[in-house]
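Visitor: Attaching a single structure in structure tokens format; questions to follow.
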Amino acid sequence: MASSHFVLTHVPGGSALSGFRARALLTRLQQVQPNVTGVDARYVHWVASTRELDDLTRDSLTRILTYGDAYEGPTEGTLVVVTPRLGTISPWASKATDIVHNCGIEVHRVERATEFVLTGEVDDWDAAAAVLHDRMTETAFADHDAAAHLFDERDPEPMERIDVLGRGRGAIEEADARFGLALSGDEIDYLVEAFTGLSRNPSDVELMMFAQANSEHCRHKIFNADFVVDGEVQTQSLFGMIRYTEAVAGEGTVVAYKDNASVMAGGPVTRWMPAEQTGPSPYGEHPDEVHVLMKVETHNHPTAISPFPGAATGAGGEIRDEGATGRGSAPKAGLTGFMVSNLNLPGTQENWEDEDYGAPEHIASPLDIMIEGPIGAAAFNNEFGRPGLGGFFRVYEQTVDGVRRGYHKPIMSAGGLGAISANQTEKIIFPAGTLLVQLGGPGMRIGMGGGAASSMASGTNAAELDFDSVQRGNPEIERRAQEVINHCWAMGEQNPVLAIHDVGAGGLSNAFPELVDGAALGARFDLSAVPLEESGLAPKEIWCNESQERYVIALQEDSLDQFAALCERERCPFAVVGVAKDDAQLVLAGESDDHPIDMPMEVLLGKPPRMTRDVRRVERSTAPLDVSRIDLRESAYAVLRHPSVASKRFLITIGDRTVGGLTHRDQMVGPWQVPVADVAVTLSDFVGLAGQAMSSGERSPLAAVDGPASGRMAVGEAITNLVAAPITLSGVKLSCNWMAACGEDGEDAALFDTVHAVAMELCPALGVSVPVGKDSLSMRTKWDDKQVTSPVTLVVSAFASLSDVTGTLTPQLRGGDTTLLAVDLGAGRNRLGGSILAQVNAEFGGEVPDLDDPARLVALVDGVNALRASGIALSYHDRSDGGLWTTATEMAFAGNTGVDLEVASIQALFTEELGAIVEVPSAQVDEALAALAGCGEVTVIGKPNSDKRIRVKIAGRSAVDEPLSDLAQAWDEVSWRIASLRDNPECADSEHSAVGTDVPGLVVAPSFDPADDVAGPYLNLGARPKVAILREQGVNSHVETAFAFDRAGFEAYDVHMTDLQAGRFDLADAVGLVACGGFSYGDTLGAGEGWARSVLFNPALTEAFSTFFHREDTFGLGICNGCQMFAALADLIPGAQAWPRFTRNRSEQYEARLSQVEVLDSPSIFFAGMAGSRLPIAVAHGEGFANFDLRGDESRVHRAARYVDGNGQPASAYPLNPNGSPDGLTAVTTPDGRFTAMMPHPERVQRNVQLSWTDGPIGQASPWSRMFRNARVWVD
């Protein structure tokens, strides 16, 4: 029974489709409905309230919900109204409702739908609707009245008792099938025995909770199993072998195997944070001993079903794992990886895509996964405020020795590193009476059974259960929760959080028992205390749903008021759900005496029978590749076009890489910003040069015939990537993520042998340990009579602390009189099995590469470090997919220079044995060869040239002679084609056409001396003018902004909008106001618009801001999201009436770039003395287009900065102009110069060491620091 008692108010909205998206959608529609002639769409809103709204409120809502371009399309035609899926609440609704509430309007909920209008004839409405909505996350209706069912309130299903006492095993078997519990036979027997012993029937809540807590996903039963391989009983479990690495090489590990992330030793750090946590206070330096968090997760099953939310919540879950380590910590930088089957890109037919093997209907295609999944992961990281600095992308699908291999069930990997105070790494064993708190978002009917579902093969679960197991992400509320966690750990020994876990698989039913089990206690919970955002949830849905952005916390009872104040300040929901008890009983109390849960902890988390895996090896082999039959030129181009080799640009520029201000090295390299970096590097703080490095390694195709070799090669690749940074091998820690299709012939044994090779042999030989990892062991997809089985897949993420980040090498060739050395750890064996060369020729290729002697890898690390220390190593790039051919061409792309190479054979050019190319001065080749002795084979293979051609001689004969530009175009093709399908195709074409051309790169050309600190005379005067570093919920760039102003001589105050609303801070006390970058309200209603409306619809705030703006002694700066907010407040700012609004980028994509900007001659106080400077600067926004059509006057606006090309001309072409603004406009100011709004991020690049590329002194302040110093000069 479903009904709604709300009054619904309908508010029309603006256009929902741009021209190019409408054209693309029409093409898809006409494939199923050829008589459709047009399609357009607009947003429509419903506001649910408990009473009829008066005219004034309706008018206010109309103004609040007016955003974007006006709808000018047809009003007559066939309607398809697409809403969020019935029974769910969209993230958009949660944030829009927050905005409306913060504007002082009381409503129950605001929701948005998209109303499509189809012109022409629609013969099959269902077929057309299927094109227009994703049934995983949306519902389609034929009219508005039906769509109003979105607000229906459902009666909850009653709790069930499963009749074990009467029906025994059969009752649980039936429940297992009905609820998708994925229980094993042993577990069913265990439950029958347990509840028979308790003399009662279990509830459906208890069974669902048990299934989640004991799923393969959560308990890792196979990794803890006893193995019998080929009849021989093994003495170690898989997990036992991994633990062995810590036993022999665990020095420097602080936390392993017992928390949500592992921790390795860091060092002294100058943390930058407010003095007080519960209200406004000045930022300052806080010395601390800080360790390094490491974690990598996978989210494969949800990404297969619905790529955007699956990948988004994968990233979000891993971020929560980091934040919930110890007593709370801070995520810092992320990596993301994908593996999928063949893309079959439209308009191409590649040789390796030999057949369309098909897939189950409800599994997303590989191409859809790579269009939507990376956007989901990047969007979550962007909105949360974590830079994405690395990852991997592999496409593999091939029949090998009779087995169809591939990734129909994709791998979606999310990982990263973070920072944790040394005194916060251990959870406290809390006592009975401790409060058990949920922090974060409310519960909803989503993600039911995700832990169990992910443990099943894709395609074998019922489609609806698969859909029910996928979550939705709301990163903006996770940001709020993280801010609360940050405040708590910042209190040091006074931290009120005694222990914390994230809510992931199994929801509260897994997280709360795990929390209290860590203290060896029981607990009593109140079901009615769990925060919900939906009606009608059954008890099992309340307790077991996997709603995201939640944490569970053990909180000191006497700290509740303080914790509540923190949450109120950050607008982060929380609830006390239970209390710890000393009776080892888990009770979930409902409305009656028949409790949904009342069971001993030892039954839930006890030890069901240990699994035994009795498995056998299967020997596999393939014929060697006959290189005499291949077309070398065609193969050379094909290797560069293969997605595993090709440019990953389409994965990178969608992700913010500079937020937080602690990035030193991201994926982009050199003045042409080519995506070829080997390693990601972060800084420990804003003042020093210490930091961390992380990299990835995976060689999964090799496992189709040789699992152990693939494992060794994955470890080797991670380290040959990592050594681009100044690491010591003894300080390296690895995360190992293991994927396999356990249960398939030979796959369990291959997994066992791979773990043994890595953990028992290679890691001890290298002196590195594996303190963290994860497994996903149902990597197969079954449907009809077909099956695709993934090879055993090891993804290695390597982490290291660095004493000085500035020694990091990049692949950018320096040119001049230099020589290229090839380091071959394979010592000339040149094996081609599993290589890209073999794949593009539709073969596997025989014997696979391997790391035959770990000592060679040790020698490589030592040798590169020696060359780095002596200044001989000029550039470095590892050898991997595509062999030396790829390594050399990528270095040439980064340096925009040609290369002459000479190798002994085709095999030597394309083998993917471990190795690298190192560029050294020609005069010091002998010294370099001596340093690299012991690496296997080291040979001189070539030199850069100045004629922009790649030439290869094989055994003295010319084999390849191609223009650099043609090769670069081939290498960029996959990114171009995917971007053309995903983004504005005109922008994709523009960027692709410029790849490889001889255009000038970035330049650093200040019109002043950056070393001249104009604020210096004011720093010792004692007076530090107060500047409010203003943030709203979702803002994430406030910390680096505060540092920039502090270093210029200001007292930078942390001020939240709630501080202004509650009267805790008065703008009258400040001379400066800085609106920071980020995603206020998740950019809902337009970037910065919700933030501005919370001011404009609050009379007291409107008066406070207006008064501040009109004082003659004040100044203000809006950066990115703050720029958009300032622009929306233009009517309050004297002289800002000509400013434009900043709206969706022309590409309709988030743009993260290092862009060239010219400072213009303007009145801006921030740019005094900087006019004419051309400088690179971080750009990261989705809505930066200066839209004078919506508001402003282009002829009267005071321009302060613009994007320019390499010749200093205003940039009009994408991506030099990343958002399409007229004449490259990117900053505006007022006639008196006191208020400036700019889209780029100077606060993130105030030090040269923060820039992805610069030719300035690496240890000095960047030219952008002048902006903040100028403001200090102006005040006096």
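Keep in mind that glycine also has a Cβ here, set from the backbone N, Cα and C atoms.
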Visitor: Please pick, from Asp502, Asp517, Asp878, Asp881, the residue that TrEMBL records in the Mg(2+) site together with Asp678, Glu717, Asn721.
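Guide: So, going by the record in TrEMBL, that would be Asp878.
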Visitor: In TrEMBL, one of 52-79, 304-331, 640-667, 1228-1255 is tagged region 'Disordered'. Which stretch would that be?
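Guide: Matching range for region 'Disordered': 304-331.
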Visitor: Counting Cβ pairs under 8 Å that sit 6 or more residues apart, are there three or more between the domain 'Phosphoribosylformylglycinamidine synthase N-terminal' (42-151) and the domain 'PurM-like C-terminal' (830-953)?
Guide: no
Visitor: Quick one: pull the CA-CA distance for Glu1243 (active site) versus Cys1120 (active site, nucleophile), whole Å only.
Guide: 11
Visitor: Report the mean pLDDT of the predicted model across the domain 'PurM-like C-terminal' (830-953), rounded to a whole number.
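Guide: Looking only at the domain 'PurM-like C-terminal' (830-953), pLDDT averages out to 98.
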Visitor: Within 10 Å of the Cβ of Glu1243 (active site), how many other Cβ atoms can be counted across all chains shown?
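Guide: Its Cβ has 30 other Cβ atoms within 10 Å.
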Visitor: In the domain 'Phosphoribosylformylglycinamidine synthase linker' (172-221), how many residues does DSSP put in helix, strand and coil?
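Guide: Each residue of the domain 'Phosphoribosylformylglycinamidine synthase linker' (172-221) counted once, the result is 36 helix, 1 strand, 13 coil.
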Visitor: Excluding the flanking five residues on each side, which residues at least 6 beyond the ends of the region 'Disordered' (304-331) place their CB within less than 8 Å of a CB in that stretch?
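Guide: Same-chain contacts beyond the ends: 134, 136-137, 255, 259-261, 263, 293, 295-298, 362-364, 368-369, 371-377, 379-381, 384, 386, 408-410, 412-421, 424-428, 447, 458, 466-467, 469-473, 475, 478, 481-482, 485-486, 488-489, 495, 497-504, 548-549, 551, 781.
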Visitor: What is the interatomic distance between the Cα atoms of Cys1120 (active site, nucleophile) and His1241 (active site), given in whole Å?
Guide: 7
